[in-house]
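What Swiss-Prot says about this one:
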REPEAT    18-88  repeat 'BIR'
MOD_RES   LYS23  N6-acetyllysine
MOD_RES   THR34  phosphothreonine
MOD_RES   THR48  phosphothreonine
BINDING   CYS57, CYS60, HIS77, CYS84  Zn(2+) binding site
MOD_RES   LYS90  N6-acetyllysine
MOD_RES   LYS110  N6-acetyllysine
MOD_RES   LYS112  N6-acetyllysine
MOD_RES   LYS115  N6-acetyllysine
MOD_RES   THR117  phosphothreonine
SITE      GLU126  site 'Interaction with FBXL7'
Amino acid sequence: MGATALPPIWQMYLKDHRIYTFKNWPFLEDCSCTPERMAEAGFIHCPTENEPDLAQCFFCFKELEGWEPDDNPIEEHRKHSPGCAFLTVKKQVEELTVSEFLKLDKQRAKNKIAKETNNKQKEFEETRRTVRQSIEQLAALR
């Protein structure tokens, strides 16, 4: 089975697929945070208009931006997300047993749910604030 037959998120376990996301990465040579080293640390490149160097760990979903040429991706990842299980894997993904892989991916799925829940809570809180302000403004018109 080729890598393209894998679900897209499982393709991110393969370093070459993560490297591919760094097409427009600003640091390519003579620096520590090359696409290769970023991918080794579990990062994918997900730039935005305001954050052209935004990278996210595909596993713990930690987002980091503001990279400097001398930043070490693995050290930065450990510093900002010390509990990321991807950093503790000692084997290449191709060497994992099915059981090891599924256990690892279960943790990734939990991380994704936690990230999405946190984002929804922030979104809800912002909406709540906006609605409350509108209610207070309407009440002031009485």
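Placement of Cβ uses the backbone N, Cα and C atoms for every residue, glycine included.
It should be emphasised that the depicted structure is a prediction, and the values quoted were computed from it without experimental measurement.
Candidates THR48, LYS110, LYS112 (modified residues) were compared with CYS60 (Zn(2+) binding site); those inside 10 Å Cα-Cα are LYS110, LYS112. Helix first, then strand, then coil: DSSP counts for the repeat 'BIR' (18-88) stand at 21 helix, 8 strand, 42 coil.
Around LYS23 (N6-acetyllysine), a 10 Å sphere centred on its CB holds 9 further CB atoms from the protein chains shown. Within 8 Å of the Cβ centroid of the Zn(2+) site, not counting the listed residues CYS57, CYS60, HIS77, CYS84, the chain contributes ALA41, GLY42, PHE43, PHE59, PHE61, LYS62, HIS80, SER81, PHE86, LEU87. Summary for the modified residues THR34, THR48, THR117: the Cβ-based neighbour count within 10 Å is maximal at THR34. With a 10 A radius on its CB, LYS115 (N6-acetyllysine) counts 15 other CB atoms from all the protein chains. For the recorded positions given as HIS77, LYS90, LYS110, LYS112, the lowest number of other CB atoms within 10 Å of the residue's CB is seen at LYS90.
Among the modified residues THR34, LYS110, LYS112, THR117, the residue whose Cα lies closest in space to that of CYS57 (Zn(2+) binding site) is LYS112.
In the predicted model, residues of the repeat 'BIR' (18-88) average a pLDDT of 96.
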